[in-house]
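Chemist: What follows is a structure written as structure tokens; I'll ask about it next.
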């Protein structure tokens, strides 16, 4: 009987078992993949920062739009009151003018009828 050889068994030439140099290429691929992952993570961080910044700007814009809406509503109310005020003022002037014309007409009629 022969004693078994100590150490790893020898691989056959067509066996396809990984050798030293392919291990280096797998490390290189792993490093490239890790670099790509790091790049994607950096891009995603930038995108998240942009989204948060956009959200802040949209919130500010929404607040400004609400304030503008409130101002527009107040302006509309004030404009309606002002329109009503000047309409009544115009009516008063028309009534006064009508009364003055009626008085003048009555004076003329009375003056010429006697």
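Cβ from N, Cα, C; glycine included.
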Chemist: For which of the residue intervals 74-92, 93-111 does Swiss-Prot record transmembrane segment?
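Modeler: From Swiss-Prot, the annotated transmembrane segment range turns out to be 93-111.
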Chemist: According to Swiss-Prot, which listed range is region 'Disordered': 1-31, 32-62?
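Modeler: Within the set 1-31, 32-62, Swiss-Prot attaches region 'Disordered' to 1-31.
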